[in-house]
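**Q** Encoded as structure tokens, here's the structure I'll be asking about.
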Amino acid sequence: MYVMFLLSILLVLGFVSISSKPSPIYGGVGLIVSGAVGCGIIMGFGGSFMGLMVFLIYLGGMLVVFGYTTAMATEEYPETWGSNVVIWGVVLLGVGMELFMVAWMVEYGGFGVGDVFGGVENWMIFESKEGGVIREDSLGVASLYNKASWFAAIAGWSLFISVLIVIEIIR
């Protein structure tokens with residue numbers, strides 16, 4: 001419980017560091033840390049196969065992209081997080097919002113956000129003579145392509161547009 005809570009806080013703080021990046025080098029490091037923490041959260045909830053696949057695919061692709069863009073956008077004196085008041089303001093605002101959300105969850109026990117998927121009997125079920133078992137990895141992939149196929153299409157399109165934007169920026 002507390003490990004997942006700590007990983008969730010690290011994930012949000014990683015995203016805050018990405019949003020307030022002063023230099024492309026720090027943005028890439030923030031994405032790598034956030035990706036690793038997100039995969040740790042997936043593995044903590046029992047999705048060991050899914051966490052490993054996301055870790056390998058995400059970090060494999062992102063390391064290539066950020067290695068290339070960092071090499072093309074190297075600065076002699078990169079701006080750090082402490083060199084600008086606006087960057088400190090964004091970081092402190094993000095940390096403040098995170099502390100507010102933690103206090104809210106401690107006080108009220110959560111946000112009540114969630115989606116209940118019905119009809120899981122058509123998804124990946126491993127059956128034997130004694131009964132059936134639904135694995136979290138298979139259920140997550142099946143729900144992504146069954147109930148949330150629009151999300152997969154939007155994610156693919158966003159990644160394609162992101163690659164085009166990165167190529168245009170560094171050209």
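Placement of Cβ uses the backbone N, Cα and C atoms for every residue, glycine included.
Okay, these came from Swiss-Prot:
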- 1-21: transmembrane segment (TRANSMEM)
- 25-44: transmembrane segment (TRANSMEM)
- 49-71: transmembrane segment (TRANSMEM)
- 85-105: transmembrane segment (TRANSMEM)
- 150-170: transmembrane segment (TRANSMEM)
**Q** Could you check if the transmembrane segment (85-105) is in contact with the transmembrane segment (1-21), meaning 3+ Cβ pairs under 8 Å among residue pairs at least 6 apart in sequence?
**A** yes
**Q** In terms of Cβ proximity under 8 Å, which residues at least six beyond the ends of the transmembrane segment (25-44) contact it?
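**A** Those are 3-4, 7-8, 10-11, 14-15, 17-18, 50-52, 54-55, 58-59, 62-63, 66, 69-70, 78, 80-81, in sequence order.
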